[in-house]
Every structure is written in structure tokens, then in C-alpha cells.
Ligand SMILES: Cc1cc2nc3c(=O)[nH]c(=O)nc-3n(C[C@H](O)[C@H](O)[C@H](O)COP(=O)(O)OP(=O)(O)OC[C@H]3O[C@@H](n4cnc5c(N)ncnc54)[C@H](O)[C@@H]3O)c2cc1C
Ligand SMILES: Cc1cc2nc3c(=O)[nH]c(=O)nc-3n(C[C@H](O)[C@H](O)[C@H](O)COP(=O)(O)OP(=O)(O)OC[C@H]3O[C@@H](n4cnc5c(N)ncnc54)[C@H](O)[C@@H]3O)c2cc1C
């Protein structure tokens, strides 16, 4: 069985985040970038399929040359090889453009299962996995909190606000996973060393047959036009409890003054 | 003059609160574009909702009252919506920015050549196009997003960004849909639905008040205390990742960067330090209360009211106080 894990490079949540005032894209220069944390769960799920079913697992990343360390990081968990789509023509793509580029890359690959994270921690739109599935004419079983592959069938528990739906379909299929699905392991030293020499195929839009009039900033269906930083918050009331719980009455007063009681 | 569509999210025959809020948002937009507002109900129980949807400003109700709508994964809803968009000529569709419906929006966008903007907290119209407000990076930045010319505009609305208002309209005119599904649409089926909501407590994304607990609770029983506090306030209960990781509360109640975003009128965090990844999911709450025994905890920097103290002393007293005041 063949599995592909698309991954994304995102700004570290703990660090500085900004939008470039000129092109309104995420300012990725001079900030800490990381492998999207949710990809640790999609990678773990793929590694488990490698262990249990002998799956062959490939990483797919769309990103500029400078995103290469993220690909190596993904490989260090024990995945087999990688494809990176690098082309200035895809820079600034919106969610739909991103889906088009990833789908084009997938058309060049053989796979039974594609495992996305349910969202990337930067834009958090969640729409890319299903849009990719639509372009490829495949089922989208997203938000998996449990995933089982049995022969040519996949069963997924899709997490939602009220519980989960058990769904099934035949392979090939596109899935995305939520954090609840597993506990990611850390890459081993051996894994980190091996990742340096694993095959990485860097491809341009032309290499994957991607029509560049469908992607990139100029062809985005949705664009950011303006942004501002949230004004800083005024300091609140902080009281220290003396161990008697007497502050609870003060809090209740405050809540009453705000009409929450 | 055209139609602006609102995809109604519903459960047990009732539209969710967000659906009525979306109708209000749609009416605000429609008054500028000159459109009328039409609701779309996919799944059973449509006609029973014509009245409430009409009262909130839906003139028409496109109804596909069939178990097939939700009996398969995503595509039946996409195909029904595609049909409504094509026959009505609608350019704009509002949807609830929730897990499973985002998939419907994504697949629909590909079919109708649309853009998708998710999690909008405000909508305006400029040059005939929707301009959506989006709070990004956990609310650190506030952006305006819009669509390219000639593209269908598919807009996901966030919970509680609009107050649902009645417009004084009568029942919506029901237009029954006849959808014949493609073979692909029935390829992935729903074999079981597990409801895990254990009470009638509101969901954290919808609730006006959210009570959240963290590692400071110390154990699973701590969440019983959180639930008691929530029940006095009619609140939903959420958790930090430390608490969901420990198995004290289900994952889908996790608030934060990799959990859910909540934006209630009031958030009360107990035993939560306020790590940046947690704040990313709650710092747009209108009022924030923090109870933590560590005065240096970062959550105090965004708290409107903070108590430095032991939650096991403060919270039971708070419950008593609130009960007394409720009379
Ligand atoms: C917080 C946030 C919310 C957003 N919400 C939405 C939304 O609701 N709907 C929507 O459609 N869009 C959304 N977007 C995308 C948005 O509309 C713009 O298109 C966006 O500003 C461009 O995305 P970016 O900043 O990630 O751009 P970029 O940094 O250019 O990244 C876009 C993608 O292109 C890749 N890329 C960049 N350069 C290259 C290169 N040389 N080779 C290969 N790949 C490359 C990146 O890795 C990334 O995957 C959102 C973006 C952000 C930051
Ligand atoms: C990639 C990534 C994604 C993440 N995503 C999320 C996310 O979505 N949501 C999330 O919440 N976290 C997330 N985290 C984890 C986050 O970094 C923190 O570890 C987590 O939020 C801590 O949870 P906590 O505040 O409950 O626990 P702690 O940080 O351990 O804080 C416990 C607090 O309880 C206080 N306390 C202890 N006992 C008492 C008592 N008796 N009375 C009062 N106070 C007491 C302590 O003073 C302390 O401040 C993420 C981390 C990473 C790396």
C-alpha cells in the first residue's frame, strides 16, 4: 500500500506572526518556521501503517526552497521519500489554489491513501483536504480520530461537535486527522541522520502539469486586503485570595455588574 | 436582484443558533446587494422549520427532506447545493464554519468556481462583493478578506459573531428539491453516528459562557466541579490540552490552537496557565476570568478579572455565591 502525507511549513505559534503589508501574505522572513504540529499526527498515522501493513510512505510539501528543512524533519520520523513542489508561480495561493497545486502533484503519484492534518495552524481554514479530494474525484473522510485500513477499505471515525460519525469507503481516499488520533513519537537520532540522505524530488509547476493560471496570488479566489493588530487589552482586576475563598464574592459581584448573573 | 443562500445547520429538526445568526448576517448583506435571502435545508425535518427560518428573514426554503443528505459523506450535500446555486443563480452562500460543513464548502467551491473564506466574524459589501472580517493567529491580527471578481462567494460564519434577530417575516416558502445523486456521492457512507453529548449543556462554540479547566484541576473529578459551575451559568465546558491529553475530558472540548476556537461573552478558566497555544483559541472572548494559584501565570495578562488562589477553595464558593444571587 502507498501512503502520501502532505505537510506544511507554518510560523511557530509561540513566535512573532505578521502579514507582509505589500502582498498581504504571511511574513515568513526572519520568523521561526516549523513543521505544522498537526502533521506530527498525520505522520505518526502513516508510520503506523508502514509498521502494520508495510506501507510505503511519501511526504509532499508545497513550499519554497527554504522550506526544505521541514521536509527533512518530516522524513526524520521514518518516512521513505519526499516530493517538494517549488515554484514562484504558486506563492500566495489561497486555499483553493493550494488544493489545485497539491491535487496536481498527487496526479503524478500512485497512492491508496493521502493523510492530511485537519488544518494548518497558520490559516486554519480546514478546506484543503476536501478540495483536493473533489479535484481528484475521491472520497474525503476528514477529521479522523480513528482510522482503520482493511484491504481496500478504510473506516474512519470523524470527530465533530457532538461526537463522531463512523464512515467507510473504498480506497483510494483522502483523509485528514485530528490530534485525538494518536500520540506522535519523537524522531530517533537514527531517523534524523537517515532523513538527510532520503530521496527528495523537487518539482516545478511544469513538472507536475499544473496550469499556473489557476494558482498563485494573481489567481486567488479569496484574498486578504487589509489587516491590523488587535489593540492591546486594558489591564483587568486581579485579586489575591487569602485562602478563605472570600474573593469568590468579589468575583460574583463583578459578574453581576456585567449581567452574567 | 438575486438570491443569497444560507445553508442551515440543524440538529433534531431544529436549526442551530448559528443558523439564525447567519440569516441575520445574510439580511444585512442582502439589504445592500438587493438580494433576497433563501435558506437551504439538507436532511430530514425541513418543512417544520419554515416558520422559524421565515421569521428570521428567509423568504424561500429550499428543502431536500431525505435521509440520503446526511447518510453519505459530504457529496450529497455538495450536489444538492450545486443544484440550488445553478438554478437560483445565487452568487453568495453562507455556511456554518464547523468541521464537517467546511468540507461541503470546499468541495462546492471547486464545482462552482468559488472562493471560500472561513470563520468570518463580520461581513460587509464593497463593489458588489463580500468583504469578510477574519481574526487570525488567535485574534492577534484582524483582517479583511474578499473574493476575486466573478467568483462565487462561499463564506463561513463564526458562532456568536452576529445576534439573531427576527425580521417580522412570515413562514418561508418551501421549495422541495429533487436531487439525483451521482454514483460517487454514495461511495462513502455513514454507518453509525455516535452522539457523545452527555447532557443538555450547550456546545462550547455556541455557548455564551464557557467554563474551562486545565491541568490545575489535578484529576478527572475536577471536571465535575467545572460542570457544576457551568450548570449554574448555563455554560459549556471546555478544557486545555493538558487536561484532554490526560484523558480527563474528551478531545473535542479542547480549546486552542489545535483544538477549537471559542469566542463567548464570558470565559472562565480554572487551573489553566494560559499558554499561547491555549490563548489562540479563546483570547477573543469578550470577558475573561482566570482562577490560578500562580500569580505569574500568563493568563492573567489577558484576564478582565483574575483571582490568584486555589481553585478548589474559590470555585465551590463561587458556585454558592452565584446560586444565592440567582435566588
Ligand atoms: C491567517 C490566514 C487566513 C486565511 N484564510 C483564508 C481563507 O479563509 N480562505 C482562503 O482561500 N484563503 C485564506 N488564506 C490565504 C489568503 O487568502 C492568501 O492567499 C494568503 O495571504 C496567501 O497565503 P500565505 O500568506 O500563506 O502565502 P504564502 O506564504 O505565499 O503561502 C501560500 C502557500 O504557497 C506556498 N509557497 C509559497 N512560496 C512558494 C514557492 N516558491 N514554491 C512553492 N510553494 C510556495 C506556501 O508554502 C503555502 O503553502 C488565509 C491566509 C492566512 C495567512
Ligand atoms: C503545537 C502545540 C499545540 C498546542 N495546542 C494546544 C491547544 O490547542 N490547547 C491548549 O490548551 N494547549 C495546547 N498546547 C499545549 C500548551 O502549550 C500548554 O501545554 C497547555 O495549554 C497547558 O495546559 P494547562 O494550562 O492546563 O496546564 P499547565 O500549563 O500545567 O498549567 C496548569 C496551571 O494550573 C495552576 N494550578 C495548579 N493547581 C491549581 C489549583 N489548585 N488552583 C489553581 N490553579 C492551579 C498552575 O499554577 C498552572 O498555571 C499546544 C502545544 C503545542 C506545542
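A Cβ is built for glycine as well, from the same backbone N, Cα and C atoms used for every other residue.
TrEMBL: automatically predicted annotations, no manual curation.
These figures come from a predicted structure and were not determined experimentally.
Annotation source TrEMBL lists domain 'Electron transfer flavoprotein alpha/beta-subunit N-terminal' at B:4-193. Marked as FAD binding site by TrEMBL: B:215, B:240-241, B:254-258, B:271-278, B:292.
Proximity to chain A (CB-CB distance below 8 Å) holds for B:257 among the binding-site residues B:215, B:257, B:272, B:278.
Taking every protein chain shown into account, B:254, B:257 are the binding-site residues, and of these the Cβ with the most other Cβ atoms within 10 Å belongs to B:254. Sorting the binding-site residues B:272, B:275 by the number of other Cβ atoms within 10 Å puts B:272 first. When the binding-site residues B:215, B:278 are scored by other C-beta atoms within 10 Å, B:278 scores highest. A helical conformation is recorded for residue B:278 (FAD binding site) in the three-state DSSP classification.
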